[in-house]
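Have a look at the structure below before the remarks.
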């Protein structure tokens, strides 16, 4: 009678149990409405509010009912329903946002380090695209009303309204706090010395200083 090596069996069992434990952690309770005042977000989310204090109103949000604040350099309005604005999504692995892009407006190159994004165009049309990390290939396409486009987690991506009417789109994310880093602000809204930025971007010093002034940077 053949015998099965014990070590591979034990290792396989441990890996399986670890995977099950990881995927069921969020199922140990029905929900975990974030207690935002108690501290910052962590890899496992915010601390939960006591269930006895949670009401149906906590699961409702009107955060995306109207356009957000206009970001003038880009002629785009952004409204978010991340965990900070919508505490009920804490620990659920979902969140959403709304973007209203004026004609000629753009959502500039940016990343969501902690989540993938699924974009749905509600009105108008826009060009959506992302840049791969392996070979810097650009994948872009015009997305019309009713169409969707997906952006993989962490990759630089953008939207651009090439039409003559405002484009409205909603996005869903695979994280309650996907994060947001806009490339323009990362480069020009910091205090990194201008000479360093010039070396890293090959832009003229005068242009770097102009952009730092525009985006609130220094140095």
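Numbers run from 1 along the shown chain.
Cβ from N, Cα, C; glycine included.
Worth saying up front: this structure is predicted, and the values here are computed from it rather than measured.
Positions annotated as signal peptide by Swiss-Prot, on the basis of sequence analysis: 1-26.
According to Swiss-Prot, the feature disulfide bond maps to 32-48. Same-chain residues at least 6 positions away in sequence with a Cβ under 8 Å from that of residue 48 (disulfide bond) are, in sequence order, 29, 32, 33, 34, 35, 90, 91.
Sorting each residue of the domain 'Cupin type-1' (61-209) by its DSSP state yields 25 helix, 60 strand, 64 coil. The domain 'Cupin type-1' feature in Swiss-Prot is assigned to 61-209; the stated evidence is sequence analysis.
Under the heading N-linked glycosylation site, Swiss-Prot lists 75, citing sequence analysis as support.
The Mn(2+) binding site annotation in Swiss-Prot covers 110, 112, 117, 157. Within the same chain, the residues at least 6 positions away from residue 110 (Mn(2+) binding site) whose Cβ sits under 8 Å from its Cβ are 156, 157, 158, 180, 181, 182, 183, listed in sequence order.
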For residue 117 (Mn(2+) binding site) and residue 75 (N-linked glycosylation site), determine the Cα separation and express it in whole Å.
21
Around the Mn(2+) site recorded as 110, 112, 117, 157, what other same-chain residues have a C-beta within 8 angstroms of the site's C-beta center?
111, 130, 151, 155, 156, 178, 180
Between residue 112 (Mn(2+) binding site) and residue 75 (N-linked glycosylation site), the C-alpha gap once rounded to whole angstrom:
20
Which ones in the same chain are close to residue 75 (N-linked glycosylation site), with CB under 8 Å and 6+ residues apart in sequence?
101, 102, 103, 104, 105, 106
